[in-house]
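Q: Quick one: the structure is below, questions incoming.
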């Protein structure tokens with residue numbers, strides 16, 4: 001019985017959590033079927049109730065762990081005390097019992113520790129000596145409820161939108177209102193390039209020139225005679241379209257046929273004017289044969305235009321036929337500065353960009369104006385807070401005088417009235 005009285009256990013009375021009162025939402029969810037589920041609006045309430053249950057369970061667990069530790073330490077301490085008491089008795093020289101000579105050996109080795117013998121305590125009480133602890137009946141700490149940080153995160157995210165406007169933000173708005181240096185670059189229309197038909201014609205001429213030069217090189221290796229007649233420089237490719245245009249402008253010096261007639265013949269007849277004609281002999285200009293027939297084959301006579309009747313009517317007839325067959329459009333290709341689909345779309349998008357830029361600039365001006373007004377209001381609110389502090393100081397002085405049962409001085413009253421009037425004037429400016 002004495003051991004039970006000395007037991008340090010406190011035997012706490014655990015109070016169970018009333019789920020119906022403390023956790024009504026949790027109880028209602030448990031009573032539902034699986035098909036009903038949980039609504040989103042119930043999650044916050046369920047979280048708080050589950051945290052309450054968790055804190056209660058944690059509190060009980062900590063109390064039980066503390067009781068277990070107290071019981072273990074008390075048992076260890078009890079065994080150490082019995083062991084020390086037995087050692088002290090042997091050191092004092094207690095008379096041994098008759099018929100047990102081994103007791104002397106135990107007395108001789110009392111300083112080193114108890115040896116085996118019949119006077120040895122039971123093995124369950126003989127435990128190695130451990131450090132003694134002093135146990136005090138301190139109140140058990142209540143476990144902290146887990147902190148719900150969601151409101152703090154919410155207000156931290158909202159704070160930048162509700163904070164006061166600074167001068168740096170006003171300067172940022174002013175810099176945004178400055179027109180960018182490259183604004184004009186966005187409204188420039190690039191010049192129209194060369195038409196694909198002209199570009200392809202020039203590429204074809206360049207290809208013909210390369211083929212002719214290659215064929216001329218082969219002919220030079222074989223005969224060595226046709227080389228000078230078929231050589232063509234790369235600069236002649238650019239000169240050929242110009243020469244063709246000059247011939248069309250001056251039909252009296254060139255071909256009398258129109259452009260459509262020439263294009264139709266070029267499409268129907270395959271001709272390589274640059275590649276050498278290997279089978280054609282070189283005419284011999286010396287001799288008697290050049291006397292009579294030389295006039296018809298001389299270079300001077302070759303440059304003279306020959307006359308073909310009805311070239312204009314042929315040109316118009318070919319044009320009408322090509323339009324009727326759908327091979328040619330009735331109108332010519334528009335000029336470079338005329339409207340086309342790409343240019344119309346580009347100008348449309350540029351107009352939208354200008355309208356959007358003007359709208360943004362207007363909104364930025366309004367925002368800058370409102371920001372400056374808000375800055376002035378912030379200064380007035382700061383003055384109101386300072387006036388409130390002055391009014392509270394005057395009020396404390398008057399209340400201290402009344403507590404001391406004395407009448408406030410005229411100076412204190414005047415100061416209080418002055419601060420009140422200043423505060424009212426600032427509030428009028430703030431409301432106006």
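Positions of Cβ are set from backbone N, Cα and C atoms, glycine also.
Just lifted these from Swiss-Prot, have a look:
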CROSSLNK  21  SUMO2 cross-link
COILED    40-69  coiled coil
REGION    87-127  region 'Disordered'
CROSSLNK  129  SUMO2 cross-link
REGION    211-257  region 'Disordered'
COMPBIAS  211-223  compositional bias 'Basic and acidic residues'
COMPBIAS  232-251  compositional bias 'Basic and acidic residues'
REGION    271-319  region 'Disordered'
COMPBIAS  295-305  compositional bias 'Polar residues'
COILED    367-407  coiled coil
MOD_RES   418  N6-acetyllysine
Q: Counting only residues 6 or more past its boundaries, what in the same chain has a CB within less than 8 Å of a CB in the coiled coil (367-407)?
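A: Contacts of the coiled coil (367-407) (Cβ under 8 Å, skipping residues fewer than 6 from its ends): 164-165, 167, 169-170, 173-174, 177, 413, 415-416, 419-420, 422-423, 426-427, 429-430.
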Q: Given the residue listed as 'N6-acetyllysine' and residue 21 (SUMO2 cross-link), what distance in Å do their CA atoms have, once rounded to a whole number?
A: 56
Q: Using a 10 Å radius around each Cβ and all protein chains in view, which of these recorded positions has the most neighbours: 21, 418?
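A: Selected residue: 418.
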Q: Taking DSSP three-state, what's the residue listed as 'N6-acetyllysine' in: helix, strand or coil?
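A: Looking at the DSSP assignment, the residue listed as 'N6-acetyllysine' belongs to a helix.
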